[in-house]
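Let me begin by presenting the structure, written as structure tokens, before commenting on it.
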Amino acid sequence: MGARVGLVQRRGVIAGMGAITLLPGAARAQAGFPAQPLRLIVPFAPAGTTDLTARLVAQGLGERLGQTVVVENRPGAGAMVGSEAVARSTADGYTLVMSNIASHAISPSLYPTGAVRYDPVRDFTHIALVTSNPSVWVANLRSGIADVAALLQRARSQRGGLDVASSGAGSSNHLLIVQLAQVAGVSLNHVPYRGAGPAMTAVIAGEVPAMSDSLPSAAAHVRQGSVRAIAMSSETRHPGFPEVPTFREQGLDIVSTSWFGISGPAGLPAAVVARLNAEIRAVLATQEVRARFAEFGGTPGDMDAAAYGRFVAAEFARWAPVVKASGAEAG
Amino acid sequence: MELLLQNLGHGFGVALTIDNLLFALLGCLIGTAIGVLPGIGPVATISLLLPITFGQPATTAIIMLAGIYYGAQYGGSTTAILLNLPGEVSSVVTTLEGYKMARNGRAGAALTIAALGSFFAGTVATILVAASGPLLTSIALSFGPADYFSLMLLGLIISAVLAQGSVLKSIGMVVFGVALGLVGTDVQTGQQRFTFGVPELSDGIGFVSIAMGMFGIAEIILNLERPEARSVLTQKVGSLFLTKEEFRRATPAVLRGTVVGSLLGILPGGGASLASFGSYMMERKVSRGRAQFGNGAIEGVAGPESANNAASQTSFIPLLTLGIPANAVMALMVGALIIQGIQPGPRMVEAQPDLFWGLIASMWIGNLMLLVINLPMIGMWVKLLQVPYKYLYPSILVFCAIGVYSLNNNVFDVYQTVIFGILGYIFSKLRMEPAPLLIGFVLGPMMEEHLRRAMLLSRGDATVFIERPISATMLGIGAVAILAMALPSLRKGKDKALAE
Amino acid sequence: MKINTKDLLSGAILILLAVVGYWLNQEHALGNARRMGPGYMPMLTFWILGGLGLAVFLIALFSGPNPLDKWTKLEILAVPLAIAVFFITYFVFDALKLFTGNYYVLGSAMFVGCVVLAVAPGWRPLGLVHAGFALFGLMLEQFGLMLALVGCIVVASLADPDHRPKGVIGMIIFLCALCWWVFIKELDIRVPVWPQFL
């Protein structure tokens, strides 16, 4: 195993140096792809939704490709450290990244120009959308906030605005708070936490009355009734949570989904992209994976590579002005 | 009570199947092994093993992962005692007296009391989790940001007692640690602070790099500079067992450590990391052997090790009762459960009694296994010290190097460790203590976070810190601690001045 | 008036850190008490750090004597030389753009600086142990784990005059085998094992 892993790494590392690229990787890769194990880089720390999703998909993908798909965590800088490593790797399909809303849509606008060392659209070949999920707003059970109307009313009456928690500054959930305050014309006091877990604790304890959270991390708490779900940011009601109304139903034009996909460096051979896209979609179509995604409220993706590429580009363009408006900055 | 026994009986029925026992053993073995390796922590290991657990029943999977978690803590104290290499926050404190004991030829005794104390504390904490988990949850929920801030501040104040020398200098080191903790992304605004444009610094400086550099590597260099000191380290091994005197001194320390650790472990977000040095501070003030602190006092190993293990058991409480992970390892466990289709939370006790009570029973079984695995191994570990130092130190070095690289698969961490090694060497030459610095480094960011959140929620009104009873109590204790520290040193200063 | 040199230097280091930190913190917004900016806590921290440093420094003027170990001429010379070599290497390599990415420039500069420091016999353990560590980082991703181990062990062994070539070779073989078994076979960490350019 060790030696084989060493072989895979070689390509990534050489490319990582940027200076010497000895192997005509693309040419060699096409014949009989995949000939070696693949590396799937998760730009976040272990645990967490991205990591779990990656491991789930990696297992199925490995079985279908007949090669191990090794998951490797390279966290840092709003998911940009790991993504940058992949952008610089040899374009042969053996080094892939879990692209996501942070690494490819928000962080490049959030961080100062010098710290962003890749273009989320041009420096990647986007292969397939893995899953997407809406955000859900939850409220403390004793807060008296049962729907969006009550939330807005409280936001207007309270001095300094209503406190709303999120999993962190610059997260898609934070940006959603900013968006809602703009759309509804109310004052919301953003209270960032270090991750979704501590923020959820604060809502359950009543420290903060409401929170904007991704569905996967909130699903369990909504199901067991430790918090009240007041609105979902999907276009229509979520099949797993038919009782939770959308923002649109409650009169606010807010639709937002966070997503994860699989991408490689720019210039991947078309045959490799097609093969990977087909196999990933086949994995996503299996009953087992669908059931596990449904558990935390994720919708499996089903897009061809070109569509996913357009999707990433659209998301990147869409979030840039929201980031500017939020006043959040990482520089 | 009867119901509790019945439930525990049910739990043991689940845990005592051959499969579950085997996986508990496997988890403990893996955990001990990775705990001994510097840098490789339970988070990385558990996430590597996660796919294996997909195919197992949920109970078996979680039993194995829990075994890795506390196995790693046992293993971590071994390197702290033998090699002055703390792998985690909790074992920083163990190095203080443990490594001194090893140098006095009492490494065996230190390892033995660490294992026995941990087992006892683990047993008590497990019973506590079983008997009153849900009740204790309300304590955790009653802590607001103002209370956490005051708790962290108290922690920082009392961490100055970790100092072996000048209190003022060690407070300086605490604050220096807080300053190092500022590096990285500001949680409240997402802004990068003191990162010099290095993306690897955006998540802050790595704890392991600082700990390895300042403790492990600096110690290697100091030993190389003093050939006579190494022979002390490698020649004297001494008896593995506790003397009667040591046992008598350690017992109350274990009891106090268990209480302190169990209580702090319940608090999500930093409680557990306070446990071991909270206990150290207590021992230093109240134990009978307090005069020996700094020269290898057994209470300074027994108390913190017990507290640490008790805390790691009770930190399951927020997970099991609220579904909220207290730390990264717990977050992975939630992930493992969700993949298995189980939602951790208040309803888990009723919905998954096998899992809940099985896990509790296997916690205790795991602790027993660790004791059985570790006690015979102590002899082997201590023999490690008889390896001539010229062969031992390159081995420590390469294990550190690989460990620190594998944290993020990034060479930047290796270079970062070099910087802290050099800094640690300078500090030790100037008698500046690295332990308070590490505590400040860990608690500082949490303190800032809670301070700013408390002010944000109170709309800038600082009176919350004295209006909330928990917070006010903590601050009161902190004020008393400062007075208690200042008075003797003032008096001493006066005596000295008079003598001259 | 007896000067406590160790404490005097400790105080000076703390003051220096506080001043540098305070200066770097100028770029961060302070905010107000309600919504503290990113610069608020650093400002408090560096003020306190500076104050403590000053107190340690002043007390040290009277609490001595507590002198440092005597340095030889070579030791005194080696320290500024090593620091200078570190910066020169860093900027020269950086300007040449010979190696890009992956902190090769930083690692090389550290390695060279530590080796220069080791010229003085008194700094040999300090310089060579760190040089070995830095060399490990430099070699790991291109030359693979095995050669990086060899490089690290050889350089670090030079720090101890007791080492004989035979013993070092034996140790290299043993440690390479052990590390392969533990980290590659059992733990399966993500790292190249053999040289990458073959």
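Cβ atoms are placed via backbone N, Cα and C, with glycine included.
What TrEMBL lists as domain 'DUF112' is B:21-438.
What TrEMBL records for B:21-40 (among others) is transmembrane segment.
Residues or ranges marked as transmembrane segment by TrEMBL: B:46-70 (among others).
The transmembrane segment annotation in TrEMBL covers B:109-131 (among others). Within its own chain, the transmembrane segment (B:109-131) is flanked in space by residues 4, 7-8, 11, 70, 73-74, 77-78, 81-82, 94, 97-98, 101-102, 238-243, 246, 250, 253-254, 257-258, 261-262, 265, 298, 301-303, 305-311, 313-314, 316-317, 320, 357, 360, 363-364, 367-368, 370-371, 374-375, 378, 381-382, which lie at least six positions past its ends and keep a Cβ under 8 Å from the stretch.
Here TrEMBL flags B:151-183 (among others) as transmembrane segment.
TrEMBL lists B:204-224 (among others) with the feature transmembrane segment.
TrEMBL lists B:259-280 (among others) with the feature transmembrane segment.
Per TrEMBL, the feature transmembrane segment maps to B:319-343 (among others).
Among residues of the same chain six or more beyond the transmembrane segment (B:355-379), those with a C-beta under 8 A of the stretch's C-beta atoms are 7-8, 10-12, 14-16, 20-21, 24-25, 27-29, 32, 58-59, 62-63, 66-67, 70-71, 74, 108, 111-112, 115-116, 118-119, 122-123, 126, 129-130, 240, 309, 313, 316, 320, 342, 348-349. Feature annotation from TrEMBL assigns transmembrane segment to B:355-379 (among others).
Marked as transmembrane segment by TrEMBL: B:391-407 (among others).
Annotation source TrEMBL lists transmembrane segment at B:465-487 (among others).
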Most Cβ pairs under 8 Å with the transmembrane segment (B:204-224), selected from B:21-40, B:151-183, B:391-407, B:465-487:
B:391-407
Cβ under 8 Å to the transmembrane segment (B:21-40), counting only same-chain residues 6 or more beyond its ends: which ones?
15, 49, 56, 60-61, 63-79, 85, 87, 208, 212, 216, 362, 365-366, 369-370, 373-374, 396, 399-400, 402-407
Segment-level pLDDT (mean, integer) for the domain 'DUF112' (B:21-438):
81
